[in-house]
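Asks: Take this structure, written in structure tokens, and hold onto it; I'll ask about it next.
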């Protein structure tokens, strides 16, 4: 290796490690805030049960042993070492696991899936995917899932349950974190007074927290990182002090034998108290859900070397203090603050409140991300998504969801006013998400990683049995607060199901009522009407065929544009689509008709471009398709095949493609340009009419006459302007439908459609050049 290459490699490694450590530092303020505040309420919730302590400390040691092994097995072993490796091209979360499974088996319910989408490079970049073929059992599992739609629906419902529980956790975690932190005032105020202070202060802090969200994750996280670090150092120091000062032998409780002794002595009361112990891993799912904001290595480093040791020391310190202070039962309910030395209690209270605000940030950020994923994949009504960072696409803010979460959070705080019931509710939401993750991960091990079915069974048996134990302890508290996440999940599940069902039926109507190619050919090159100058963009959900909205339009209006483009904006189940793979372009009918189909593919993490850049890329893609199209026969059978075949055409950013230059020069197809590197888009505010120039690469072969004429016509149409025809469908249940279907379609879906946002593409285009065509769909 030459010296220059060696120096470059050394510099690259140094910068890479610097980047990883920087991300690990930043992850503390976004990912681990929730997990780091759990010591505030774990012991308080656990000893709220009917557990009587004795001088032998068996109950305290047993709880500490449960906390230690739960933290070790679930967040450290399961999430850090296994689940984080199952990322969906860098993205995490319950829906990302479902998306990953959909890419390796045909189980997706997305109605407009294409074989061409599987050729995206994002489908082939899974670092953990083995190149080996499926095992025999793996092939059988895949075939079974692809054959039975009942199993496919079950997987979709499972993913949606996990998603809804994450949203429910986004309501409950801020409430319990902030309320537990504020409860520290109990030590400094009379009992009859502090109850009038806790709830108002908690509500004020919650309103402040949700009001901060519009500033974005980056700014909020930058503010929060030092707070989390200070908090973790604080609880570590207090833990070490309590261990050495009160009980240096507390480490003995790390033996799993104390778990057995705890359950044997406490029996049913100990089993029910597991719901409180479960809260020590609240926030673990944020490590996976927020993976897209950081990287696997940075999250592993932050948790393994800083967060995990700090939490263990904090819990050991609390246990050491309680083991030497067998005080009255009510004092156990004070929880964390009773183990803090009086001289630093108020500073710790302030840091705890700030840390609780940070802890809520992680799950709120995860809630925004997962709702965007569901919305992109047609499982949630369209909402306004604000991208708060120009550099990190995953950092978003959803106003409607933010204020809904705030109102629900305030309702929980005002309704419960008790850490115990909030803990019951939060615990059930957390453990349900973890159970769903375990089930989906077992399928990932077989279908995506091509491992033995034995490994998958061992995974689901080992982790599933632990989580099932905690789940049973949480579910038994249904009447004591655990009904809240179930009620919230049912509401969100109903919304998701109604929206998904209505969207699916609407698409099926489009497919069943497509216009045939024979009808198009019968109209002739003019389509039976006057062709006016310009480009007409017809927005459709169809990826093949001619939509019914087109025949409806032609029947009622006497003119159409000289160039027609049937445009389909679709989401594919990958996080991001490379720019050079974004456009699929094809032709409809003979060349003289000037009809094109363009499918624009976006991943569920992609950011849509503005209308000017999008129009430019679209026109360039069509021009590149015209230039590179192969000559083929034009019989009816060939035309039908042509309509179903699409060509991947890169954007104008490609170095070897056609460039579009809008300037004041005369319109021409310039194949003799000196180069393309200095091209810029020039828009003059004085000249109202835009001139368009296509610049071809130097290596471009000589064009045929027909291709040149088609490109010139496309340029003229681009100069004349672009009009957008949007179909506005009113979906109604057809006659003879069941009462349930009428309720879902005519009431539920119609209400959601009227009150949700329009398509993201429709929001960015100019209203002056938009025409909306209405049509009633009877599904």
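Here the Cβ of each residue, glycine as well, is placed from N, Cα and C on the backbone.
Curation plays no part in TrEMBL annotations; they are all automatic predictions.
Quantities reported herein were computed from a predicted structural model and do not represent experimental measurements.
Below are the features I grabbed from TrEMBL:
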DOMAIN    23-521  domain 'K+ potassium transporter integral membrane'
DOMAIN    534-778  domain 'K+ potassium transporter C-terminal'
TRANSMEM  60-81  transmembrane segment
TRANSMEM  154-176  transmembrane segment
TRANSMEM  196-215  transmembrane segment
TRANSMEM  222-244  transmembrane segment
TRANSMEM  301-323  transmembrane segment
TRANSMEM  344-371  transmembrane segment
TRANSMEM  396-416  transmembrane segment
TRANSMEM  428-447  transmembrane segment
TRANSMEM  453-471  transmembrane segment
TRANSMEM  483-502  transmembrane segment
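Tell me what's around each of these sites.
Replies: Under 8 Å from some Cβ of the transmembrane segment (344-371) lie the Cβ atoms of residues 29-37, 40, 93-95, 163, 166-167, 169-170, 173-174, 177-178, 180-182, 184-185, 187-188, 205-206, 208-210, 213, 217, 220-221, 224, 227-228, 230-231, 234, 238, 283, 285-286, 289-290, 292-293, 336-337, 380, 383, 394-398, 401-402, 405, all in the same chain and six or more residues away from its ends.
Within its own chain, the transmembrane segment (396-416) is flanked in space by residues 170-172, 174-175, 178-179, 199, 202-203, 206-207, 210, 213-214, 216, 364, 367-369, 371-372, 383-388, 422, 425, 481, 484, 488, which lie at least six positions past its ends and keep a Cβ under 8 Å from the stretch.
Same-chain neighbours of the transmembrane segment (428-447): 74, 78, 82-83, 86, 94, 97-98, 100-101, 104-105, 134-135, 137-138, 141-142, 155, 158-159, 161-162, 165-166, 168-169, 172, 278-279, 281-282, 284-285, 288, 453, 455-457, 459-460, 463-464, 467-468, 470-471, 474-475, 477, 482, 485-486, 489, counting only residues six or more beyond its ends whose CB sits under 8 Å from a CB of the stretch.
When Cβ-Cβ distances below 8 Å are used as the criterion, the transmembrane segment (453-471) is approached by residues 70, 73-74, 78, 82, 135, 137-138, 141, 274-275, 277-278, 427-428, 431-432, 434-435, 438-439, 441-443, 445-446 of the same chain, each at least six residues removed from its ends.
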Asks: Could you name the stretch, out of 196-215, 222-244, 301-323, 483-502, with the greatest number of CB pairs under 8 A to the transmembrane segment (154-176)?
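Replies: Counting Cβ pairs under 8 Å, the winner is 483-502.
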Asks: Six or more residues out from either end of the transmembrane segment (483-502), which same-chain residues have a Cβ under 8 Å from its Cβ atoms?
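Replies: Residues packing against the transmembrane segment (483-502) from afar: 109, 157, 160-161, 163-165, 167-169, 171-172, 374, 378-381, 408, 412, 425-426, 428-429, 432, 731, 744-745, 748-749, 752-753.
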Asks: Does the transmembrane segment (60-81) come near the transmembrane segment (222-244), with 3+ Cβ pairs under 8 Å (pairs 6 or more apart)?
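Replies: By the criterion, they do not touch.
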Asks: Under an 8 Å Cβ to Cβ limit, what residues of the same chain, 6 or more beyond the ends of the transmembrane segment (301-323), are close to it?
Replies: 20-21, 24-25, 27-28, 31-32, 35-36, 38-39, 42-43, 57, 60-61, 63-64, 67-68, 71, 75-76, 80, 232-233, 235-236, 238-243, 245-248, 250-251, 253, 280, 287, 332, 336, 338-339
